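Trainee: The active site, proton acceptor annotation in Swiss-Prot covers GLU39. Residues annotated as ATP binding site in Swiss-Prot: GLY11, ALA12, PHE13, GLY14, ILE15, GLY16, LYS17, THR18, ARG176. The substrate binding site feature in Swiss-Prot is assigned to TYR59, GLN83, ARG182; the stated evidence is sequence analysis.
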Amino acid sequence: MGRIVVLYVDGAFGIGKTTVLRQIQKSAAYRFRRIYLEEPMRAWRSWFVDDHDAIREIYTTQELKDAGEIDLREASRRVCYAQVSLSAPFHIMNAVIYGIISGESEATSAHLGEGDYFVGVDRHPLASCLCFPVARFVTGYLEYTDLIALVATLPDYPRGASIAILDLSVEEQARRITERSRSGEHVNKTFLRILRNVFIIMYNTVAYLRNVSIDKACADREALEDFRGSQLESDMHKIDIQPRDDPNASETLFAVMASDATWRKNRKQSALFVYTMAKLDALLRSLNMHIVDINGLSQEQCAEKVVAISSKVPAVTARGNAPDLLFDAVEAYNADMGV
């Protein structure tokens with residue numbers, strides 16, 4: 001009986017995620033049946049109405065904020081709205097995918113071959129409702145309240161998702177973004193570095209949670225100091241943070257979201273904040289996350305690295321017509337979202 005592997009491919013924008021997934025799709029080197037879920041570009045640019053462009057909205061907002069034409073409160077309102085719009089297609093398709101395969105039993109995915117199925121997904125929902133908002137908070141375009149609101153509304157994603165984070169130098173990323181000249185995109189190396197660091201910090205957060213108990217993580221979060229003015233804030237702006245297998249709490253996303261504003265006069269943290277962080281803890285703790293360094297690699301080599309990861313992550317047994325339903329759903333979505 002065949003197996004189904006769903007692997008999310010993520011990371012900063014302009015680094016080649018879509019190119020890698022296309023390479024896997026078209027390569028004759030693999031015997032398993034494969035498909036990839038494309039970025040929902042139509043939804044981002046003109047979902048139902050032609051003048052709804054969430055990507056342009058964010059970049060325009062950042063430019064207005066930088067020019068002093070709008071304040072942080074207005075910029076944050078606009079960015080938060082745009083991030084919700086960007087997240088919606090991911091939430092929908094995540095529910096579709098797991099609605100089809102959630103009842104299937106787990107299986108080993110080693111050595112995918114003929115009769116097996118690979119579904120590559122261009123971004124996990126966490127990218128648009130966690131990673132990008134965190135990066136925009138760090139760079140001063142999103143208020144703390146709106147960041148926590150976005151994190152608090154994370155849906156209950158199925159546990160155990162597998163994510164391959166592609167990592168590329170900021171210099172090469174900037175070159176690729178300039179080369180592709182996508183409408184509305186701008187090259188801001190400070191933002192690119194911070195966004196790249198957010199994805200690495202997310203990986204480090206998963207590694208940290210793998211090493212500590214729930215109670216220890218909760219105690220560590222209480223001991224964290226305000227992010228603003230911290231060493232982590234400085235590092236996120238100035239250096240390329242590296243993946244670690246044994247990070248401490250001060251090197252995680254929890255440290256980025258640590259704020260004096262969460263403490264009450266009775267010296268207790270806001271219960272709502274504590275519960276929000278516990279929800280994020282539970283979600284991240286369940287993930288299978290891998291870093292793929294793609295610096296200096298060809299498209300074929302990048303594809304090989306991603307496929308190699310697919311043989312190390314959980315799979316589900318392909319029963320009945322589940323594979324056909326899954327592939328039909330992805331094809332319908334891709335046809336609708338293409339621009």
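Glycine too: its Cβ is placed from the backbone N, Cα and C atoms.
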Trainee: Please name the residue among the binding-site residues LYS17, ARG176, ARG182 whose C-beta has the most neighbouring C-beta atoms within 10 angstroms.
Mentor: LYS17
Trainee: Under a criterion of Cβ-Cβ distance under 8 Å and sequence separation of at least 6, what residues of the same chain contact GLY11 (ATP binding site)?
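Mentor: Within the chain, GLY11 (ATP binding site) has Cβ neighbours under 8 Å at LYS17, ILE165, LEU166, ASP167, LEU168, ARG196, PHE199.
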Trainee: Are there residues of the same chain, six or more positions away from GLU39 (active site, proton acceptor), whose CB falls under 8 angstroms from its CB, and which are they?
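Mentor: When sequence neighbours closer than 6 are ignored, GLU39 (active site, proton acceptor) has THR18, ASP122, ARG123, MET337 within Cβ distance under 8 Å.
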Trainee: Round to a whole number and give the Cα-to-Cα distance in Å for the pair ARG176 (ATP binding site) and ARG182 (substrate binding site).
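Mentor: That separation, Cα to Cα, works out to 10 Å.
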Trainee: Give me the count of other Cβ atoms within 10 A of the Cβ belonging to GLN83 (substrate binding site).
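Mentor: That number is 23.
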Trainee: Return the residues near ILE15 (ATP binding site), defined as same-chain residues 6+ apart in sequence whose C-beta is under 8 angstroms from its C-beta, sorted by sequence, else 'none'.
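Mentor: Once residues fewer than 6 apart are set aside, ILE15 (ATP binding site) is near LEU166, ASP167, LEU168, GLN173, ARG176, ILE294.
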Trainee: Could you check which of the binding-site residues TYR59, GLN83, ARG182 is the closest Cα neighbour of PHE13 (ATP binding site)?
Mentor: ARG182
Trainee: How many neighbouring Cβ atoms, not counting its own, are there within 10 Å of the Cβ of PHE13 (ATP binding site)?
Mentor: 18
Trainee: Would you give the longest CA-CA distance, in whole angstrom, between residues of GLY11, ALA12, PHE13, GLY14, ILE15, GLY16, LYS17, THR18, ARG176, the set recorded as binding ATP?
Mentor: 14
Trainee: Cβ within 8 Å of the ATP site centroid (GLY11, ALA12, PHE13, GLY14, ILE15, GLY16, LYS17, THR18, ARG176 excluded): which residues?
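Mentor: Filtered neighbour residues, in order: LEU166, LEU168, GLN173.
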